[in-house]
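To start, the structure under review is shown below, and the notes come after it.
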Amino acid sequence: MQFSSYEDLRPRLLAGEVSCEEVVRVYLERIERHGDDNIYLTVFRDEAIERAAALDRKLREGGEPGRLFGLPMAIKDNISMDGAPLTCASKMLEGYRSVYDATVIRRLFDEDAIFLGKTNMDEFAMGSSNENSAFGPVQNPFDPSRVPGGSSGGSAAAVAAGLCMVALGSDTGGSVRQPAGFCDVVGLKPTYGRISRYGLVAFASSFDQIGVLSHSSMDAALVLGVMAGSDPHDATSSSHAVSDYCSEVSGVSVKGLKIGVPKEFFNEGLNPDVSRVVLARLEELRLQGAELVDITLPKSDHAIAAYYVLVTAEASSNLARYDGARYGYRSAGATDLSSMYVESRTEGFGPEVKRRIMLGTYVLSSGYYDTYYKKAQQVRRVFQDRYREALSRVDVIAGPTSPFPPFGIGAKTADPLEMYLADVFTVPASIVGMPALSVPVGYDGENLPVGMHLICNFFEEGKLLGIARHMQRPVSRLNPAL
């Protein structure tokens, strides 16, 4: 039997044509074969088989199956699961085990999802290539010599390689969407506050959102519907009503759809192949009845400058808790309290994390706060107003997910600024807090994936996923059906 999505698998599970345990064992066998790709940091082999057997028994005994009954999922290793390792791909947390479940984990578990393991990532979610992991880089399933994107590179690669059906990631400035584009899968960042952050290890608290990676928009809609909603444990979670996302996805039509195309997203710095693929797909949609509307979003390049001021400032504050005193790595060479703090952080954090802590401390320091941090917050408000105005005239804003295709491992590590520019098209949606996603639309001249980036207005996730469903090319040439 062939199952390319949970939308296809679920009815077969409920009909008894295939069991949860059979499905889980297939995925676990694949994970074992792909061990050299460094995609998973932890695999819950025994727990997943036991969980699958329990769900099969529940169905046989007439129990009511949950909305995600038997869905094999992977979890990014910065999301807490009670009793499971929680490393954030950092030496600082190596060996640490979480003592509670994140809200999203509890909600998914209650709807009968099955967790296969925890995926690799950039350390503390800081990076765009998955090369910053203390446990080594993840290989892109399309070309092992290339990066999968980051920071949720392990989650994106797991979905692309068929090592899970759906994965959770986190997105601060593009960390779900950019690797989704590099790995030919759908990657959704919801509206800020749509999903509880309780149990997500903080990088930049006013930006961080848990996101979904999947092969289909409908699978993402289903998982989003389970996770979304207010949470008393997270004061920033929204009480905005949770829609029936699956119905909204089905109700979107291409005919009459107004697609805003910013000229700033198609400048001379864009890879020609990426531009060609994205524009060709937009033209195909125009021929199907959509309207392409030229829009302008001036000073778009200022978004990434403001973003790196704000997120490094927040990271500097959030990561102050890792001091070697309460949990995590403690230097063996410390001789007093002060040296314990300094040496534990020096040895426990990787180069990129230390770089961002130093930048954040600088922009928050006396004499520079107004010049950098306050100014960046003002720029953030300007972008919120510009995007709100643009989306009052169009249904969706479309452009490339990344300015270039997946690049070689090690190709950009010597130039942090060039690496930061990998997020130039994804950062604006994070600055404004609007929902955005990457959807596969084709391949470049080297047969590498190209993603299209879509942004909708606040809390329009159903509409966004419905538009993506029309834009998406057929299932990835790589995806191994079950």
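Quick reminder: no glycine exception, Cβ is built from N, Cα and C everywhere.
Taken from Swiss-Prot, the feature active site, charge relay system applies to LYS76 (among others), supported by sequence analysis. For LYS76 (active site, charge relay system), other Cβ atoms within 10 Å of its Cβ number 31.
The active site, charge relay system feature in Swiss-Prot is assigned to SER151 (among others). Annotation for SER151 (active site, charge relay system): same-chain Cβ neighbours under 8 Å, separated by at least 6 residues, are MET121, ASP122, ALA125, MET126, GLY127, SER128, ASN130, ASN132, GLY169, SER170, THR172, SER175, PRO179.
The active site, acyl-ester intermediate annotation in Swiss-Prot covers SER175 and is backed by sequence analysis. DSSP assigns SER175 (active site, acyl-ester intermediate) to coil in the three-state reduction, outside any helix or strand. All protein chains included, SER175 (active site, acyl-ester intermediate) registers 37 other Cβ atoms within 10 Å of its own Cβ.
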Review point. Reduced to three states, what secondary structure does DSSP give LYS76 (active site, charge relay system)?
Key: strand
